[in-house]
Amino acid sequence: MGINIDQCAQDFASNKTLQDLWSWTGPIIGVVRNNTTQISREGCLHVCGTGYDAYPWKDISGVITTWILPVIGTLLQAPFESNATWRTLLAITRWVGSPIASLSYVLWNIKVSAKAALMVDMAVRYDETPGRETHFGSMRDSMYLLLVMNQYTLTPTARLRELQKEAEGLLRITLFSKDLKLIETRSGKTLREKRGKLAREVREIRRRGAVPVFISIMWFLFAFSLSIQDSFVHLGANSTAHDLALGCLLAWFPILILGSIVDRNPIAADVIRKKLSKLVDQVHCSLRDSENREKFISTFKDEIDYPELRLWIEKIANVDEHLYSQMHDFFVEFAGQARIRWHYGAAHAILSDIENCYVADKGRNWLANEQEARASLVLGRINDDGLMWFDLREFWQIWTAIIIVGGSCGGAFILSYFTPTVGLGCRSGGYTIFFSVSLGLVTYLFPLWRRNTYTFNNGIRNDVENLKDYWGDMTPQRKWELFFFRPVETFNTIWLIYIVLAQILGWYQTCECITSHWAGGGGYVDFTAQDTAGPWVSPFWTTGTILTSTVMGGSMLYITVEWCQQSFLSTEVYAEAMRGLRRTRRWRRGKTLVWEMGERGAQTTAELAQYTNTHDHDRPNSNTHDNFDNNNNNNNNNNNNNNNNNNNNNNNNNNNNNNNNTWLPIHQPSPFVERTLSPPTPGMSHRRNESDASSSPMDPLTLPPRQSEDSSSPLIRVPSQVLVVQGEGAVRGSSEGRGGSEV
């Protein structure tokens, strides 16, 4: 049964008896006490009833036009799979029900692809953009295929702890070797030609739609701007405030969709999976052929560690026959855009290993010696953890995702909580529940990473297994997924849909909700304050709006910049890709120049402050000067000759003091300069490198190619690692953004 809150307010204001019975006498916040308009929750239920005051169609249609249509338009740009209805529904519940975890995976994939794009950029000199058929073009294809492989889960055999190193070695041969002759191929193409053809096919059927995504995002931002304008024009009106709060609550969603233009999926994901698996299987078959393997091994006979390389290739090739038969489908399932929990992909491990074993030491133009580079990329050192290991630096992406979703829900919470009646009610409480469930899901998700991760049953059962056997063969992760994560994510999705519908239809217009009595505060409603700008309204509305706008704007800017810097890898037309690469290089150089100017300014400011503090301490005290003058006067009366000598000595001492206090600019590390992009990873025996796509302003045209023993710096270096050498008057550092963080 519906109620009419306006009529209820009139009845209460005109009835002295009702006021004596139900007027609110407890504490009030943000409004002036008025017994004729302020009624307790019990009084509201008695006078108004237990139903809800539905919004008129005019208000409902306004919310639909403002928010529902832009959100649906943004949802339609999500990276769905074709002809996979059930997987699409599961993906939606995963994205909507667990936004923090979904954003964490997407941001991590963006970071990994940034490392791959930077490595390709630095493979040649700064001013070079070689043609498609060059070694640079081949390396561009290899890195792009690696990023596509990163979106698929691996066969359980490849995830076995004892075979992970061999699996990584097989992938590195598949991606970076050019001397292996493929057998059982009708076309007679070389491995390099097969990679180029496959990369071209993947680019052709890669899901397009970056422009529609940006248009849908702009539509959402336009609706958000209109809602802000409407709320502050009608300052204090509850309806406009809660509409703006709804937009703040959903602000994380366009960020997630925008991230999919970088972490993009192919249109026919299963077709690409089969082609990638076929390529890996052809390489493995070619290695298992003894004669063909000997020819391939002989191409490395000039390498210093040739005996070790030979043993390693034979170990990769001679996998147990039983296990080899299960590795024909090397890639199993599409897992991009956070579709599958605990999916880590193979790209980060491979990129980190080739960076450590070769690329970091060479820096810019690391592909100059192509034979040496390929030998290191194909057969260089592999870390002790293989393909499946959790990098603690991923917690940076998790914290970023928490900030994004927390900033969105936090802005909505501030708007609803501090809009009279001030207190935790249905709206602010609903936002709190949604965020708390999302945070709880990601909190439980990652501790399960190491708990029996990727177990494998060596026995193959051909008969139909009963339920007991099926349950026994389930990994703990699978059990958690089926009986905890999916139900909770489904609940959170339904809860968010309920919040949106309640806001649209007016289900929150009840005495229980408008009295905001959930957490001890509130417990009453002021009928006039529902459309009046109280003293708390303007500052808190401004705070909530700025919080959400800042988080949303900064996140969208970061993703857009990363898309611009990485798009040359996936661009189908090679000439356009190289034009984009040149623009990326100019952007990075300009950004680094501005960054370094700011660092130098901060360093100069710190040195001036240090100089000022030093002189303040060296200045004599005024009382000391007075005593010194009195003593000098007494000495002048007693002995003029001694006074003259003392004056001369004092002058000499003052001159010496002045000379000692002369400020000499000493170039020391500034506290503003000494910083790192990410903390070190504890407990790791091998070095890992960051994937931040930053570069140094140093002109590479003035630097010769670096030798392998010339530097041990990581590939991606933060700007603070560029040292200004005063004695030489020259700048020493990375040639084009070399360096990185160590683990």
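Cβ from N, Cα, C; glycine included.
Heads up, TrEMBL stuff is auto-annotated, nobody curated it.
Listed in TrEMBL:
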type	residues	note
TRANSMEM	210-228	transmembrane segment
TRANSMEM	244-262	transmembrane segment
TRANSMEM	398-418	transmembrane segment
TRANSMEM	430-449	transmembrane segment
TRANSMEM	488-508	transmembrane segment
REGION	614-718	region 'Disordered'
COMPBIAS	630-661	compositional bias 'Low complexity'
REGION	724-743	region 'Disordered'
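For the transmembrane segment (398-418), the neighbouring stretch richest in Cβ pairs under 8 Å, chosen from 210-228, 244-262, 430-449, 488-508, is 244-262. Here the listed stretches are 244-262, 430-449, 488-508, and the one with the most C-beta pairs under 8 angstroms to the transmembrane segment (210-228) is 244-262. For the transmembrane segment (488-508), the list of distant contacts is 52-55, 59-60, 63-64, 67-68, 92-94, 96-98, 242-243, 246, 249-250, 426-427, 430-431, 433-434, 437-438, 440-441, 514: same-chain residues at least six beyond its ends, Cβ to Cβ under 8 Å. Residues 63, 66-67, 71, 74-75, 77-79, 95-96, 99, 102-103, 106-107, 109-110, 113, 209-210, 213-214, 216-217, 220-221, 223-224, 227-228, 230-231, 337, 404-405, 407-409, 411-413, 415-416, 427, 431, 434, 499-500, 503, 541, 544-545, 548, 551-552, 555-556, 559-560, 562-563, 566 of the same chain lie 6+ residues outside the transmembrane segment (244-262) yet bring a C-beta within less than 8 angstroms of a C-beta in it. Within the chain carrying the transmembrane segment (430-449), a Cβ under 8 angstroms from the stretch's Cβ atoms is held by residues 97-101, 104, 245, 249, 341-342, 390, 398, 401-402, 405-406, 409-410, 412-413, 416, 424, 476-477, 480, 484-485, 488-489, 491-492, 495-496, 498-499, 502, all 6 or more beyond its ends.
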